[in-house]
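Trainee: Handing you this structure, nothing more for now.
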Ligand SMILES: Nc1nc2c(ncn2[C@@H]2O[C@@H]3COP(=O)(O)O[C@H]4[C@@H](O)[C@H](n5cnc6c(=O)[nH]c(N)nc65)O[C@@H]4COP(=O)(O)O[C@H]3[C@H]2O)c(=O)[nH]1
């Protein structure tokens with residue numbers, strides 16, 4: 001350091017070495033200083049009187065360049081924006097005769113901007129005026145920049161914290177908030193973060209709807225140090241329950257001591273609702289709101305997997321509505337839908353909350369009843385269901401009745417997997433249909449083989465007509481007054497090469513399903529008319545033959561077809577009677593009345609079959625051109641045992657007579673039933689007591705006997 005060369009008037013305190021030290025030592029000391037020592041005048045341009053070698057490193061100028069402003073003044077080096085501030089601060093310190101410390105920017109010789117820290121003091125003359133300024137200037141750019149970076153990072157963090165859409169929190173492990181951002185306050189419904197911190201002091205009890213969630217949160221924190229996508233239901237300040245998802249971690253100090261938890265909170269109620277909605281749609285039937293086939297399978301799978309109480313049964317119950325197809329086809333889908341909804345509600349009302357009622361599709365419902373003690377308890381539920389479904393229901397101003405056929409399989413006795421249980425319940429349901437509907441059947445092993453033939457049956461039924469495998473049997477109808485034969489009912493049989501003689505109840509429903517009932521029905525009509533004509537031509541007793549009509553046959557083209565058959569067989573219409581089921585009369589009234597009128601005009605008779613099992617009312621019958629009612633055999637069977645059945649039979653007879661209708665009782669099997677019917681004014685009877693359905697040959701014989709007894 002060229003002390004002398006760089007100083008004009010050296011301050012003895014700075015530049016003159018003590019007598020015992022060499023100036024060389026001072027030179028070295030100053031040169032090693034990381035900064036610049038100066039003495040400058042307190043004038044317009046702060047002219048430097050002394051300046052140490054550090055000047056070059058600090059400013060990029062040689063000390064000589066600044067000395068007495070030879071090249072540039074120090075003031076010029078100060079950033080223009082800071083000059084005023086620097087002067088003001090120094091002036092203030094001088095006025096107080098104190099030291100000054102200032103941070104400001106300078107522009108180096110190479111144009112670089114640097115931050116400097118200056119520490120100095122005024123040197124005063126004895127009269128108090130300022131003689132000079134002495135001090136030290138150091139480059140602090142790096143520190144400034146890292147401070148700046150820190151401030152920037154802090155500012156950014158603050159901004160994220162304050163402006164995040166997600167809630168951000170820090171909590172103590174004991175469950176109090178240390179810090180929260182405005183978003184969390186908003187999510188939880190508090191006025192401000194402060195309001196939340198003050199009001200929500202016990203997270204476990206005040207926040208979580210399920211207290212155990214907090215325990216689970218703590219457990220995960222302890223075991224794994226963090227939670228991710230931790231979903232819970234929480235209370236907002238106003239008590240509303242919302243769903244949140246938390247991501248959080250435990251923060252420890254260097255010694256491993258747990259300090260606090262910090263994390264984020266996302267409000268996910270909408271997503272949850274949406275997910276629930278999607279899940280619901282995927283697992284529920286849109287019409288009835290009941291669980292659908294998918295959910296049924298999952299539920300049943302679970303039900304048979306969980307350990308059950310010893311000897312407890314799980315019942316799988318197939319409920320199928322009788323003649324639903326017919327209602328849907330004839331009354332329209334809207335009414336069909338209404339009916340399905342009504343039935344769904346009724347089924348639900350018959351079982352416990354823990355049982356499942358699902359819609360399997362169409363008019364099929366499946367119930368899963370768990371923990372049933374024995375068959376009796378299942379039977380009780382089934383009886384409730386039969387009664388509930390059979391209750392009348394209204395659509396507009398009309399009242400309807402529908403019944404159901406039910407099949408039940410039991411876990412574990414009837415199957416140990418979902419497929420088998422469902423298949424066997426379905427088989428049992430078909431058995432219930434065959435047994436005359438409106439009843440329930442438990443699965444039995446033998447049904448398995450029969451019903452596995454269902455598909456085969458449909459295939460062979462299609463071929464049966466061509467192969468001439470159908471036969472008609474005839475059952476006598478007898479006058480109650482004198483026991484004479486006054487008619488015959490034609491009943492179809494199927495002589496199947498594989499299955500032997502098949503009863504109509506077993507194949508007519510299939511024929512209806514497969515759309516084969518119309519050609520089969522036409523065959524029956526032709527055959528019965530031709531047979532009756534043949535008996536007449538053989539000189540036997542002239543009686544009407546009754547033919548059963550499936551609802552599906554009863555359309556506008558039927559009268560023409562019947563006329564054609566009568567013409568072909570040359571049978572007079574008075575010797576033909578058509579039996580329609582009770583449900584047919586409920587068919588679209590206008591069209592049905594027109595078709596029945598057209599049929600009546602041909603001169604034949606019409607009777608209503610299975611009366612009492614369906615949903616027609618007597619008064620409704622008034623509108624239909626029918627001649628007779630057939631009381632269903634289920635009432636006749638119970639006449640002696642059941643007061644209700646006896647009362648119904650009596651009422652039907654007298655009301656039918658008021659409407660000028662003949663009454664025929666079906667299924668009369670003994671003398672007691674016959675007596676009862678006779679005493680109560682029934683007109684005709686039919687049943688095993690008077691003759692079973694018999695082949696043409698047998699019936700011919702019967703007619704011949706009848707004729708000879710008359711003669
Ligand atoms: N337990 C008992 N039963 C008796 C007695 N007397 C007669 N039966 C049976 O009762 C049924 C009466 O016929 P349905 O009610 O018209 O009921 C018929 C009818 O709805 C239908 N069906 C029969 N033939 C035809 C047909 O050609 N076309 C259509 N569409 N359906 C038919 O099949 C049903 C059943 O016919 P089947 O099995 O022949 O059964 C017949 C007959 O065999 C008795 O004293 N006791």
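Here the Cβ of each residue, glycine as well, is placed from N, Cα and C on the backbone.
Automated prediction, rather than curation, is the source of TrEMBL annotations.
Look at TrEMBL and you will find 22-97, 153-194 tagged as domain 'PAS'. Marked as domain 'PAC' by TrEMBL: 100-152, 228-280. Residues or ranges marked as domain 'GGDEF' by TrEMBL: 312-445. Among the features that TrEMBL reports, domain 'EAL' is placed at 454-707.
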Trainee: What mean pLDDT score does the domain 'GGDEF' (312-445) have in the model?
Mentor: 89
Trainee: Looking only at residues six or more beyond either end of the domain 'PAS' (153-194), which have a C-beta under 8 A from one in the stretch?
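Mentor: Same-chain contacts beyond the ends: 200-204, 207, 214, 218, 221, 234, 236-238, 240, 242, 244, 248, 250-251, 258, 260-267.
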Trainee: When secondary structure is assigned with DSSP, how many helix, strand and coil residues does the domain 'PAS' (153-194) contain?
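Mentor: Counts, helix then strand then coil: 20 helix, 9 strand, 13 coil.
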Trainee: Residue counts in helix (H, G, I), strand (E, B) and coil for the domain 'PAC' (228-280), per DSSP?
Mentor: 12 helix, 30 strand, 11 coil
Trainee: Within the domain 'PAS' (22-97), count helix residues (DSSP H, G, I), strand residues (E, B) and coil residues, in that order.
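Mentor: Secondary-structure composition of the domain 'PAS' (22-97): 41 helix, 11 strand, 24 coil.
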